[in-house]
Number of protein chains: 2
Amino acid sequence: MAKKNPPLKIIPLGGLDGIGKNMTVFEYGDDMILDDAGLMFPDDDQPGIDLVLPDYTYVLENEHKLRGIFITHGHEDHTGSLPYVLRDLTRKVPIYASRMTLGLVEGKLAEHRLTNEQLVEVKSGQHVDMGAFGVDFFSMTHSIPGAMGVFIRTPQGTVLHTGDFKLDQTPIDGVRPDYSAINRFAAEGVDLLLSDSTNATRPGFTGSEATVGASLRHIIKNAPGRVFVASFSSHIHRLQQVCDAAVSVGRKVVVTGRSMISNTKIARKLGYLDIPEEDIIDAFDVDGLPDEKVVVLCTGSQGEPLSALARMANGEHRSLTITDKDTVIISATPIPGNEKGVQSIINSLSKVGCTIFDKSNALVHVSGHGSQEELKLMLAMVNPRYFAPVHGEAVHLRAHAKLAMDMGILPDHIFVIDNGDTLEMRNHKVRLGTPVDSGVVYVDGMRISDADPVVLRDRQKLSCDGIVTCVVTVASRTHKALEIDISGRGISFADDSELLGGAQDVVRSTVDRSAEKAGNNVDATRKAVRNALSNYLWSKTKTRPLIIPVVMEV
Amino acid sequence: MAKKNPPLKIIPLGGLDGIGKNMTVFEYGDDMILDDAGLMFPDDDQPGIDLVLPDYTYVLENEHKLRGIFITHGHEDHTGSLPYVLRDLTRKVPIYASRMTLGLVEGKLAEHRLTNEQLVEVKSGQHVDMGAFGVDFFSMTHSIPGAMGVFIRTPQGTVLHTGDFKLDQTPIDGVRPDYSAINRFAAEGVDLLLSDSTNATRPGFTGSEATVGASLRHIIKNAPGRVFVASFSSHIHRLQQVCDAAVSVGRKVVVTGRSMISNTKIARKLGYLDIPEEDIIDAFDVDGLPDEKVVVLCTGSQGEPLSALARMANGEHRSLTITDKDTVIISATPIPGNEKGVQSIINSLSKVGCTIFDKSNALVHVSGHGSQEELKLMLAMVNPRYFAPVHGEAVHLRAHAKLAMDMGILPDHIFVIDNGDTLEMRNHKVRLGTPVDSGVVYVDGMRISDADPVVLRDRQKLSCDGIVTCVVTVASRTHKALEIDISGRGISFADDSELLGGAQDVVRSTVDRSAEKAGNNVDATRKAVRNALSNYLWSKTKTRPLIIPVVMEV
């Protein structure tokens, strides 16, 4: 039975421990809505993991309350866990997002063979009722079209979530942040502001996307040969600017790289990317064209070794090879962790001898997230009673909180919280509630599993020291060793017969001694073999491979 | 028998494929000298490797010619392979370096139990004859004291090697680059210049080390509580500035972290680090002191998870724990590849709530390598006939070559070469010679081995998908399967008995089928088991663990 006057609960299940896997639950009594359903890409210390999802058990446990899911924009850190959530729900719920976001979501869902979902397009300015929640969508500027913020009215008060944003006065598609709506909501009263913290440590304003266009045009116009532009395939505004520059100087655009091909198709179909049919050509049709008539739009801006850019740089692409007469623009910035991969492609391109432009020597990229002045402007416009920085690492959330304090928001009205923490709102007042279970789940091949530190630790150990298997058959009567088979993988001494011979001797005497002492105890023998072999290998090689002893009585 | 009029050969064995493992051979007839003997730290795609050395087979093969080794400065990318080289040589050769460099080298050699080497201290301005080579040492400024360049006279011409350098007019120890010597050598005629390329893509001048001092003093003076400064432990000038700032405002200096303790000891003993005895105290004696009287010098500027800074941030240090009243200065920049580790410590510190200063918000670090204007100034002063950029990745070497071209050096007088390439000089003219074998060797525990891509590939596979061992005993008469033991490590399905049961069935039927077809062929059975199990696991889990099948007849 529902309690009388329940609080509004705001529960971030992801997004507060790093930039990725954004997901926030809003719950009021028997009603619940979900704000974003993102994923994160694994770290170096999560070997073999394909994807990292927020643990959304809380959503499943309260599935009966779920009135709708809305997605603020189409980046994977906001959409990527949607297929998994939908597969785990036992009933259909409506999914609200902009046309562009739904276009990208649809593609992802199709890959997971989810074709029968309830996708509902919403436009900026539109109001949607989801149970007890009234949700108003408003346009924001970001590095993808169709990004929106939301204003949520509930019986206990209001929440404004900016979504990912910068404040771009000259966006490429002309769709500015809806300042009018934001100020209208502010006038009505925003009890809690959730605002993007990604660039909270950067002073000043983030430059407009339009500033990049002039620089791209200049480079493309003056390049003597072909121009290759690597960028994020979802950054449709950037791609639009590349296409505009190419068309304006009479160059054709070639698109290559799997996600670049698929995203430009979706964006053109939905009307977000505008280039005349005759100006965009297939990579196989490029042969007839003079070099100075070609711009190639490609993937690889993050240094991915199998990307189109890497393959074209290394002569491994089916139809295009970069030469010393070409110009390459890396129109992106490395996501933290990708720095070495990007540097490696730049080194390959340097060896080819082409001209290279990137952030270090030309204005070919600006961030999609607002810097400190934009965050402060947002705080000033919204003038919220309470504030919780979201979308960032610990350092970003705290820097954003400091900005809010500098602007006069009382420290006890600012909540720097973790995933799973609960904010409770009653009568326009916010306080910390009881946390819920949260964490991450790993997608590893087809399996989805809770974080199992043992598996990851084993994998890291395997990757450092390799593995040695030792199979011993023992006589069932005497328990003495008969045959011993020692082999290894990922070890540097696999061919050292003297060392392996010594290991055999050690194992044999260990088994025989164990037989005398413990007799018929296979478990004890196995442990003794593992210890003896581990010590022997340490003494000889100063490495500790993982040892798998198998003892079989015959 | 030595040929008449042999060429001077200049053979870089390392240092031209990245920043690390610098080592260059100079050879003339029956005489050879070695310029630096460095190492490189392994990459993420070299799991389990401890160190990467240049392949110095060429040095060993020509050992009888070796007249001496000189080391330009004490960083590990210039000294680190020395213990390995010395161990592999069958006779003693003199090792020339500055007092500071030898101090650090001695420590390293002692770790390898090499105590009886011929270490010869040289000073700036000193001349040493090594066989046919006359070597003049001259002081240079870099991020470690005692850095030197060399001018080498040979019967075929002269070579100037800058060593790692910036041009710092206000170095902390007052030892400026020896411009007078450089200009004297230039007047005599430099046939070939080898110059540091690390910052060849950076415009302008690198700031003086002294500029950092003012900023450190300001922060340390105004901090309300303790100040923790993380830096490179070999950056003695930086440590000196921290000590000076501390002493000037009446704070004591506490040193923590293994390499920080050992390097400050060496530097103080040799007179490179100057701080009154009473102002440097042990970490255990800090308890009595008020917070505003303490500066802690520590390791951890590269985000190393076991470093003093990381342990103090996470409450795992024996005597010091960072609190929200403290100030932390990260007086360094992340070496490429360490960005995420550093960010992770910054996040931990943010959660603690201390005040953090790093490159992004204060002038607390400058590079030790000269930028474009310094590299051009060096080219202008030396005015070499030929030029080969050294010490850099592909992009840096090429950017440096371009600077030289911009300054009027003819393109065919500039050599952008790879490790193992040979430059030959005859009568002051340089041309490309025949390459020698080069490459890398890995130190993996106690073993030194050639790059074995199979071992590293296995390790990467192990780290991604784990391993499954499958031991089958077969009856020696019927060849049918008796017992089957399947187990795995680093796999996510280790506890899935249904899946493992299915795997057992697959293996059993595979073995029995193989017995019918191939009879007594253990090898064929093993292969069949591996394939069947691999396919089964792929179909069930979409992962491909490494499979080790063991088949034993009993």
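The backbone N, Cα and C atoms fix where each Cβ goes, glycine too.
Just so you know, TrEMBL annotations are computer predictions that nobody has curated.
Here TrEMBL has B:H73, B:H75, B:D77, B:H142 binding Zn(2+) 1, and the candidate from B:H391, B:H396, B:H400, B:H413 in that same listed site is B:H391. Together with B:G48, B:D50, the Ca(2+) site in TrEMBL holds one more listed residue from B:D421, B:D437, B:D444, B:D458, which is B:D444. When Cα-Cα distances from B:D196 (active site, proton donor) are compared across the binding-site residues B:G48, B:D50, B:S233, B:H369, B:D444, the shortest belongs to B:H369. Taking 8 Å as the upper bound (exclusive) on CB-CB distance to chain A, the binding-site residues B:G48, B:H73, B:D164, B:H235, B:H365, B:D444 give B:G48, B:D444 in sequence order. The C-beta environment of B:D50 (Ca(2+) binding site), restricted to residues of the same chain at least 6 apart in sequence and closer than 8 Å, consists of B:P42, B:Y442, B:V443, B:D444, B:G445.
Note: B:D164 (Zn(2+) 2 binding site) has non-local neighbours B:T72, B:H73, B:H75, B:H78, B:M140, B:H142, B:A147, B:D196, B:T198, B:G368, B:H369, B:H391, i.e. same-chain residues 6+ apart with C-beta under 8 A of its own C-beta. Same-chain residues with CB within 8 A of the center of the B:H73, B:H75, B:D77, B:H142, B:H391 CB atoms, the Zn(2+) 1 site residues themselves not counted, are B:N22, B:G38, B:T72, B:H78, B:I144, B:A147, B:G163, B:D164, B:D196, B:G368.
Under the three-state DSSP scheme, B:V366 (substrate binding site) falls in the coil class. Each residue contributes its Cα atom, and for B:S233 (substrate binding site) and B:G48 (Ca(2+) binding site) those atoms are 25 Å apart. All protein chains shown were included, and the count of other CB atoms within 10 Å of the CB of B:G368 (substrate binding site) stands at 25.
The 10 Å shell around the Cβ of B:D444 (Ca(2+) binding site) contains 26 further Cβ atoms across the protein chains shown.
Per-residue confidence over the domain 'Metallo-beta-lactamase' (B:20-216) averages 96 (mean pLDDT, predicted model).
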